[in-house]
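**Student:** Grabbed the feature section from TrEMBL, which reads as follows:
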type	residues	note
REGION	511-550	region 'Disordered'
TRANSMEM	65-85	transmembrane segment
TRANSMEM	97-115	transmembrane segment
TRANSMEM	121-141	transmembrane segment
TRANSMEM	153-174	transmembrane segment
TRANSMEM	194-211	transmembrane segment
TRANSMEM	281-306	transmembrane segment
TRANSMEM	318-339	transmembrane segment
TRANSMEM	346-370	transmembrane segment
TRANSMEM	376-395	transmembrane segment
TRANSMEM	416-438	transmembrane segment
TRANSMEM	444-465	transmembrane segment
Amino acid sequence: MRMFGSENFHINTFNLLLVIFVALGTLATAYGLAIIGSTSGQPNFYAYFNLAQQGEPGYEHTTNILGGLNGANSGGAFVGCIIAAWSSDKYSRKHTIQIGCVFLVIGGALNAGSVAISMFAIGRVIAGIGSGILAMVVPMYQGEVATADTRGAMMCVTGIMWAYGYSFAGWIGYGCAHIPGDSPHASAAWRFPLAFQCVPPLIVLAGSRFIPYSPRWLLSQDRREEAYQIIQRLHGRKDDPNHIHAKEEYYLMELQHEADKKLMLNRRFEIFRTKANRRRALVSVLLMFFDQMEGVYVLANYGVLIYGSLGLTGYTPLLLNACWTTFTIIGNTWTAFFVDKFGRRPFLLIGTSGCLMCLIFEAALTAQFLGTDNKAGLNAAVFFVWFFIFFWCFLMDATQFVYVSEIWPNHLRAQGTALGLATFFLASEVTLVAAPIALNDIGWKFYLVLICPTVVYLPIIYFLFPETKGRTLEEIGELFGDKHIAAHWYGISEEEKKRIEHDAMNVTEDGRIGSIEAKREPLQTAGDVEKDAHGDKPNIERSEDVSDQS
C-alpha cells in the first residue's frame with residue numbers, strides 16, 4: 001500500500017501531540033510580545049509608574065516608554081535568534097527549546113515583580129531572548145518531525161499557538177482591568193498578566209524529558225539508530241506494521257545526509273556562499289521583513305491606543321483587542337487545514353493584497369475622520385482594522401513560519417531560520433518603537449509607512465518565492481538551484497516510487513542503508529520525468545558539480 005506521499009495522509013497521534021506540546025513555548029512567546037498591548041491599557045500600570053495616560057499632559061513621555069519597552073523585547077528576541085542558531089546545531093533542537101523556556105520564566109518573573117521601569121525593561125530583554133529562541137526553534141523542530149504531506153499543517157500549529165498567546169493576553173488583560181484602582185491589590189491588574197507568561201514555559205520544561213530529539217539533527221550527529229527509531233515512533237501507523245512509510249522517509253533523509261557530508265557544506269558563512277543559499281537568505285530576509293512592515297504587530301500591540309484614538313473609551317478598547325486576538329485563532333486553524341492543499345504562494349499573495357487594501361482604506365478614513373465626532377467614519381476605520389486581521393490571520397500568520405524554515409537544507413536550517421526570525425524582530429524595532437510616537441505625532445500618515453513597503457512586497461512574492469508544498473525537506477533545495485539533491489519524491493513516476501519502497505526495506509535496524517544502495521542507479525528528478533514524457537532522453541545522472549559553491 002502506498003502511504004508516503006498519499007493524498008489521504010495519516011497523522012500519527014504522538015506526532016501531533018508532540019507538535020502541540022512544544023508549541024506551548026510559542027504561545028508564551030506571543031503572549032510576552034502581546035501583553036504590553038494589554039498593559040498599556042491598564043490605568044493601574046500608568047498610576048504605579050507615574051505615567052501620563054492618553055490625552056493627559058506628559059503623554060509623549062509615556063509613548064517613549066511604551067516604545068522602549070517593546071524595543072527592549074524585540075532587541076532581546078534578536079539576540080535570542082542568534083543564540084538559537086548556534087545552540088540548535090550544537091546542543092540539539094530539544095535542548096534549545098529548554099533554554100528558551102528558562103529565559104522566558106526568568107524574564108516573566110522580573111516583569112511581574114518590577115518596582116521600577118528599569119527593572120521592567122531588563123525583564124523585557126530577558127523574556128525577549130527566550131521569545132527569540134523559541135520563535136526560531138519551535139517551527140523548525142515541528143517541520144523536522146513532520147512528513148512532507150503534513151508539514152504545513154504541523155508547522156501551522158506555531159501560528160495557532162501564536163494566536164492563542166495573543167488571545168490570552170487580550171482576555172486576561174481585559175479581566176484584570178476591572179480591578180479597582182483604590183484596591184490594595186491594584187497592581188495585580190498588570191502584575192498577574194505578566195506573571196502568567198511563566199506558566200506555558202514551565203509546563204514545557206516539566207514535560208521536556210518526553211520530547212524526542214529531531215531525527216534530522218540526530219543524523220547530523222551520525223546517531224542513525226536513534227534517528228531511525230524516532231522516525232518509526234513519530235510516523236508509525238496501525239495499518240503499516242512493517243513501517244514501510246517510516247523506512248521510505250528515513251531512506252530519503254539518509255541519502256541526502258550522505259550527499260551533504262561528501263560535499264562538506266558546513267563552512268563558515270555557508271548560508272551566503274552559494275547562489276542557491278544566497279537566494280534562500282534573500283527570500284528569508286524579505287519574507288520576514290515585509291511581513292513585519294505590513295503592521296500587524298502595530299495593531300496587535302497598540303490596538304488599545306488605536307481604538308482610543310478612534311473615539312472608543314472605557315473598557316471597550318481592551319474588549320475589542322481581546323475579541324480580535326480570539327478571532328485570529330480561527331484564522332490560523334483554517335490555515336493549518338488548507339496550506340498543504342492550496343500552497344504557500346497563494347496564501348502570501350492573496351493575504352498581502354488584502355492587507356494592502358485595508359491599510360489604504362484605514363489611512364483614508366483616519367485622515368478624514370480622526371479628531372471628529374463622525375461616528376460612522378470612525379466605526380468604519382475600526383472595521384478595516386478588523387478586516388486587516390481577517391486577511392492576516394487566515395492567510396499570512398501561520399504561513400510565514402512554515403515557509404521561512406522549510407526552504408533551508410538540513411545542515412543550514414538553524415542558521416537560515418534564525419536569519420529570517422532575526423530580521424523579523426529587527427524590523428519590529430522599527431515598527432513597534434516608532435508606532436506609539438508616530439500615531440501620537442503624525443496620526444494617519446503613519447499608515448503610509450506601512451502601505452509603501454507592502455506595495456513593493458507583492459511583486460517580490462510573485463517573482464522570488466517558489467511553491468514548496470508537497471515536497472520533502474530534502475528536495476526543496478532544487479527549487480533554489482541546489483545541484484546535489486540525492487533523491488526525489490515529488491513528481492517522480494510510480495516506478496521510481498516502487499523502487500524507493502524496495503530499497504527502503506533494506507534499511508537496517510541501526511539506521512543504515514543496506515548494501516543494495518551501492519549498486520542502485522541515481523533517481524530521476526521531477527524535471528527528468530517531464531523530459532521523458534516529451535520524448536527526450538531523461539538526464540538521470542545527477543550533477544555533482546559544486547562549482548558555484550565558492
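Glycine is treated like the rest: Cβ placed from N, Cα and C.
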**Student:** Take a look at 65-85, 318-339, 444-465 and tell me which one has the most Cβ pairs under 8 Å to the transmembrane segment (281-306).
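**Tutor:** Stretch with maximum Cβ contacts: 444-465.
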**Student:** Test of understanding: applying the rule of at least three C-beta pairs under 8 Å (pairs 6 or more apart in sequence), is the transmembrane segment (346-370) touching the transmembrane segment (376-395)?
**Tutor:** yes
**Student:** Do the transmembrane segment (444-465) and the transmembrane segment (194-211) come together with 3 or more C-beta pairs under 8 Å, pairs six or more apart in sequence?
**Tutor:** no
**Student:** Please figure out which one of 65-85, 153-174, 194-211, 346-370, 416-438 racks up the most CB pairs under 8 Å against the transmembrane segment (97-115).
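**Tutor:** Per the Cβ under 8 Å count, 194-211.
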**Student:** Between the transmembrane segment (65-85) and the transmembrane segment (416-438), are there three or more C-beta pairs closer than 8 Å, counting only pairs 6 or more apart along the chain?
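**Tutor:** They do touch: at least three Cβ pairs between the two stretches lie under 8 Å.
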**Student:** Can you tell me which parts of the same chain pack against the transmembrane segment (121-141), counting only residues 6+ beyond its ends and a CB-CB cutoff under 8 A?
**Tutor:** 22-23, 25-26, 28-29, 32-33, 36, 68-70, 72-81, 83-85, 87-88, 93-94, 96-97, 99-111, 114, 155, 158, 197, 201, 214, 401-402, 404-405, 413-414, 417-418, 421-422, 424-425
**Student:** Under 8 Å for C-beta pairs, could you tell me which stretch among 194-211, 318-339, 346-370 has the largest tally with the transmembrane segment (153-174)?
**Tutor:** 318-339
